[in-house]
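Notes follow the structure.
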């Protein structure tokens, strides 16, 4: 397929022809190829100004021709990549405007749409309508509770609505993982990259200052197939709005490419941003504005003094700790959490873990359901380390991981705010009759969901994350019975290919691997061991150790292995499943569970191999029974963590497993 490449290079003079050959396809520039509407215009230097000093207005610019995003009406969306340089400058020293949105839409005429908070994309009646076929990335500089905004300086990915699928504070990640925030309406030029991978079904958004190289870690990453949302032919462009207060929204340069990485923009060739013209000072409106400003300053001074006196008398002083500088934008007000949980009443307790109680709640105004974990601030140093982990893990976004929304500190207590899982934890379904029974298809899907989340932690994120406490109580189910791995209170981080540091043995009895109990060194293989136990537990409907059971059935793995040796492995299945199960799937789960929970760490598969086996892409070794019967630790294979997570292969004919830490697209 011929690649379509257009370069909207705004520094190219208008006399240049509008189309010319290019080694990568067809190249375009601004001459005659841009469609403007509303307050938008393009000056002689190619600078786009979307909005001006006119209040309650919308400015939009689109590439004049439609682009083919699909090969057919029902086809899949092709990969695409775009980058642009923008600047947002407020007027008269007052923050105004509502930001910029890069938009992919089926028409250049989005009317009737509203300015202000709707960014010229939607109106009240068509918000959330699947017929919109709009995908946008918003650079939002205003807070609007109806769109679940948490701050006035964020970046979000929007699909058919301004309630973002995923959102983050504006900023960028350095190579060492440190987060640096940016102020979108600072007037400084910034560059943003929006890249969609059709194979991974993933869209990444990366923001950075103009003269800083593109970061390796994206600000936003969303796994979503865009094929149901985009049509075969679509327009691409920008939209921006103002309210009663105004701002200038500029696009200095823009490139876009289908099926490849778009070329970078040369900052030295970008047009200059003009200073905002201020003839208003000499006008009656200008005099009135100055008078109101002076009066406002006097009132502000009086209010500031009153506030200072109030804070001086306040007994409780919240000190901003180091870790909060990075995680601060996600801080919740204690008042909101207190209202949401009805004053942290015992009737709202969902459960109690190793770090504290978990409460259910509903946030005021937005009515979003949340789960709040209360953590005692017993050890300052311990809490600092714990939150350093949480701050990093809070950036994770995966459909099979419970999302950490933010935190709150109040009177020495720490509160972690998570998405609320409507169905609760998996152990309640396995062991509490009143919760309801799980059929085989639900159990198999839960196993695959947890495997997907664990694979992301081990091999797909920029760092290796070792969960260290995988068990049914930490597997949560949403309203649609989708499983999500949660409770990262014991999780550890390390770089790909490095050796996790030894620490105290953490986890739950029955799920701790032999090498972890001996050395105290957790690894991805010790997580795989616990996952294998959980697989058996889901299939058999019983705990890994039953002290009061017969000697034969006391240890789950021993019992399953014995039944396999006696060629009657199906007898271990949970009797509540009945006869409604797929025998091949059940056998795979039981045998793979024994494989993953093998006492020798080096023999266990990694999670990418587990995914292949569960998806029937690969087959279990034909001699797997002989392998799992080898219960002793052979010389040279007593693995604690180093060898288990090294990039070397562990070959088990006819299937070869390789621990390969790959950072996809990072």
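Every residue gets a Cβ built from N, Cα and C, even glycine.
Here is what Swiss-Prot says about this protein:
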- 1-18: signal peptide (SIGNAL)
- 29: N-linked glycosylation site (CARBOHYD)
- 74: N-linked glycosylation site (CARBOHYD)
- 123: N-linked glycosylation site (CARBOHYD)
- 176: N-linked glycosylation site (CARBOHYD)
- 204: N-linked glycosylation site (CARBOHYD)
- 259: N-linked glycosylation site (CARBOHYD)
- 290-310: transmembrane segment (TRANSMEM)
- 311-666: topological domain 'Cytoplasmic' (TOPO_DOM)
- 344-625: domain 'Protein kinase' (DOMAIN)
- 350, 351, 352, 353, 354, 355, 356, 357, 358, 373: ATP binding site (BINDING)
- 469: active site, proton acceptor (ACT_SITE)
Separation of alpha carbons, residue 259 (N-linked glycosylation site) and residue 469 (active site, proton acceptor) (Å):
41
Nearest to residue 352 (ATP binding site) by Cα, among 74, 123, 204 (glycosylation sites)?
204
Spatial neighbour of residue 259 (N-linked glycosylation site) that is closest, considering only the recorded positions 74, 123, 176, 358 and their CA atoms:
74
Whole-number Å only: compute the distance from the Cα of residue 350 (ATP binding site) to the Cα of residue 204 (N-linked glycosylation site).
35
Give me the non-local Cβ neighbours of residue 358 (ATP binding site): same chain, 6+ apart in sequence, Cβ-Cβ under 8 Å, ordered along the sequence.
349, 350, 351, 352, 371, 372, 373, 374
Residue 123 (N-linked glycosylation site): tally of other CB atoms within 10 A of its CB:
13
Within 10 Å of the Cβ of residue 74 (N-linked glycosylation site), how many other Cβ atoms can be counted across all chains shown?
8
Taking Cα atoms as reference points, which of the recorded positions 74, 123, 204, 356 is nearest to residue 176 (N-linked glycosylation site)?
204
